[in-house]
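> Okay, these came from TrEMBL:
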type	residues	note
BINDING	Q110, K126, E147, A230, V231, L232, L233, E304, D319	ATP binding site
BINDING	E147, D319	Mn(2+) binding site
DOMAIN	194-403	domain 'FAM20 C-terminal'
ACT_SITE	D299	active site
Amino acid sequence: SKLAALFEHPLYNIPVPEVTERDKLFVVNPMEKFSLRSSGSDEWVSSSKAEALLPTGKTAYDTYPTWLKFHIGINRYELYPRRDPLLPTLLRDLATQRIVSSVQKSGGTQLKLIMTFPNYGQALFKPMKQTRDQETPIDFFYFSDFERHNAEIAAFHLDRILDFRRIPPVSGRLVNITKEIQDITTDKKLAKTFFISPAGNVCFYGECSYYCSTEHALCGKPDQLEGSMAVLLPDKTLAKRRSWRSPWRRSYHKSKKAEWELNPNYCAQVRETPPYNRGHRLLDLIDMAILDFLMGNMDRHHYETFEKFGNDTFLLHLDNGRGFGTHSRDEPSILAPLQQCCSIKKSTYLRLQLLATQPYRLSDVLREALAADPLAPILAEPHLQALDRRLGKVLLAVGHCLAR
C-alpha cells in the first residue's frame, strides 16, 4: 500500500503543538454521558445526572456517537488527527446509517439536503448531477459550472493526502429518493417538487436560486441516486465560525477582472493587511490555492475559521464541488497567491516533492484512497493523471520563486 507507506513517512509524522484546554473547540465535562432523549431539537442531549462510571464500566466518552467524538476532537491545529481511529467508522456511518430526516439546506445556488441519522448525527448530501467523464464545457464560466458530488469525495481524500486535514470527512452513498427523501421529508417546499419522469424515474428539484427547476431535476434510476455525504460541522450556535472573503476572489462577472489579475504586485498590499500581516494565515491561504489548483477549482470566494481560535488557526476548506470539472486543461490563475507572494510552507513544499516521486506518486495514492469509497471509482482516470501534471507545475512555480 503506497498510501500506508506515505502516512508512515517522517514528513507525515511531524508532531503538532501540544493541545491545551484553550486549544480545544469544546471543553467537555467527563461526567456527562450521551443521552438519546430528544428535547425537540436535533442537538444531542446530555443527561446532567450521569455518573462518572456507567453501569457497563465504560467512561462517558464511550457513550458518544462517532460524529460527536469527531466534533469534540476539533482543535486549533487540525480538524482531525493524522492517525484518527474514528475516521473509518465515521465514513462507514455516513454511507450506511439509517436516514430519519431529509430537508433542503437553505442558501446556495444548487440543491443540497441535510440528512439526520438516528443518533442525531447530520450530513450534507450533494446529489449527483453529472457522470464521471463529463467535462465542464469550454465556454462555461466557473460560476455557472455544476457542483459535482464526486469532487466533494475526492477533495476530502486529496486534502488528507496533502496533510492539511481541513475538509470534514466525506463518503459517497447511494440514496433511495422515495424511501430516504420523499417519504420522510418534513420540508413542504421540497415535497412539492417530486415527480415521475417520462422514463419512469423518480425526480425532484427543490428550491434554490439557479438550478432548481424541472429542466435541472435530479432523477434516480428508477429511484437510486448517487451523492456525497459530508459530516456537518458543529452547529454555529455551539461553535461560531467566521467567514473571510478571499483576497484572490474572482470578480464573478463575465468581463470584469479582479484587482489581483491586473496588479502583479498585489501580494505586497495583502501582506500589509490583517490578518495576513502576521502569523501563518497567508501561508495557509497558499496551501488552499495549491489544493484548488490540483483540483481545478476556481470557485474559492470565501473561507471560514472557528471564531474561538482567533486568527491563529487553520482555514476550513469547505464547498469543493466545483473541483475536478476538467482534466484536459489547467487553470494557472488559481496559483496566483503562490506565484505573486513567492511563499510556501517548508513542510508543504517537502510533501509536494515527495508526492512527485515514484514510490508515493500523487495519482497512485489518491486512486488507492478513493478505491475504498462505496461509489468507487470516484474519478475518471484522466483526472488522476492531471493531478501529476499539475503537481509538476506547482513545483515549477516554486522553482521559479527560488530562482528569483
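A Cβ is built for glycine as well, from the same backbone N, Cα and C atoms used for every other residue.
Show me how these features fit into the structure around them.
Counting every protein chain shown, 24 other Cβ atoms lie within 10 Å of the Cβ of E147 (ATP binding site).
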> Would you kindly give the Cα-Cα distance separating D299 (active site) and V231 (ATP binding site), rounded to the nearest Å?
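Pair distance, Cα basis, whole Å: 21 Å.
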> If I restrict to non-local contacts, at least six residues apart, and a C-beta distance under 8 angstroms, what lies near L233 (ATP binding site) in its own chain?
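Non-local contacts for L233 (ATP binding site): H71, P168, A239, R241, L316.
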> D299, D319: which of these recorded positions has the sparsest Cβ neighbourhood within 10 Å?
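If we count Cβ atoms within 10 Å for the recorded positions D299, D319, the smallest count is at D299.
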> Excluding near sequence neighbours, so keeping only residues 6 or more apart in the same chain, what lies with its CB under 8 A of Q110 (ATP binding site)?
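Non-local contacts for Q110 (ATP binding site): K126, K129, F146, E147, C208, Y210, Y211, C212, G321.
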